[in-house]
Amino acid sequence: MMLIDGKKVSTDLKNELKTRVEELKAKAGCVPGLTVIIVGEDPASQVYVRNKAKSCKETGMNSTVIELPAETTQEELLGKIEALNQDPDVHGILVQQPLPSHIEEYAVTMAIDPAKDVDGFHPENVGQMVLGNLDKCFISCTPFGILELLRRYDIETRGKHCVVVGRSNIVGKPMANLMLQKLRETNCTVTVCHSATQNMPELTRQADILIAAIGRANFITREMVKPGAVVIDVGINRIEDPSRKSGFRLAGDVDFDNVAEMASAITPVPGGVGPMTIAMLLKNTLQSFARSHNL
């Protein structure tokens, strides 16, 4: 069984991005800038934002965090976004989820300039991705990171059966669409399973590549996996664990220890897909910068 080490790949990628940032800085006289907006004081969101800022610094990019109180109105937030849309020093805009209930996520997504939508959530970017115009869009960071893992580990995908478990707008839907594309890392026959799927184990056992993104700890069991399958675990679930100082431990959507005995390759949690998401966010930001300077 081969362990797909997202932590190592993300470190390698960030080193490559750092070199590229230095090259582009010499040509443009400035560096890429990412601005993250966080509304409210969700502890998990604050951790994610700190990690993004740290990664920006490591690659030589500028990072700005705008912290807004939970009572910020939707109009105020949209005004902040519009100002960033017009700022030439900002090449990537990210609004950290979740948002307070009185703010409509779709309105926020629509407000971000597609050319700075480095999360890849704007309908213009999603549409270009579905059409296969990948050089004209930003790809959602988690699916993009999974493609990078498949490429760097030279996992054969052409003509393989890929089963995606989950249909979220952030992972499941874009992942399924990407695996259909005619790329070296994709070109699969794709099945999508979700909460209403009947006989799910029968379908997942057909997968040469199984991608779990359902948000339920240890949902994918040994009995649901074909021997020799490649298993990609997107889930990050907190499970109570009194033996840990934090009081919890992280678990994926896959029962790792048992499924690893069946798989030819598998991603761990933590240290698999998670680190890749931030790395691809930085890659998208660098791409936005390069486009804005015609580099």
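Just so you know, glycine gets a Cβ as well, placed from its N, Cα and C.
Annotation source Swiss-Prot lists NADP(+) binding site at G166, R167, S168, S195, I236, citing sequence analysis. In the three-state DSSP assignment, the secondary structure recorded for I236 (NADP(+) binding site) is coil.
Listed in sequence order, K173, A176, V192, H194 are the same-chain residues at least 6 apart in sequence whose CB falls under 8 Å from the CB of R167 (NADP(+) binding site). When the neighbouring Cβ atoms lying within 10 Å are counted for each of the binding-site residues (S168, S195), the highest count belongs to S168.
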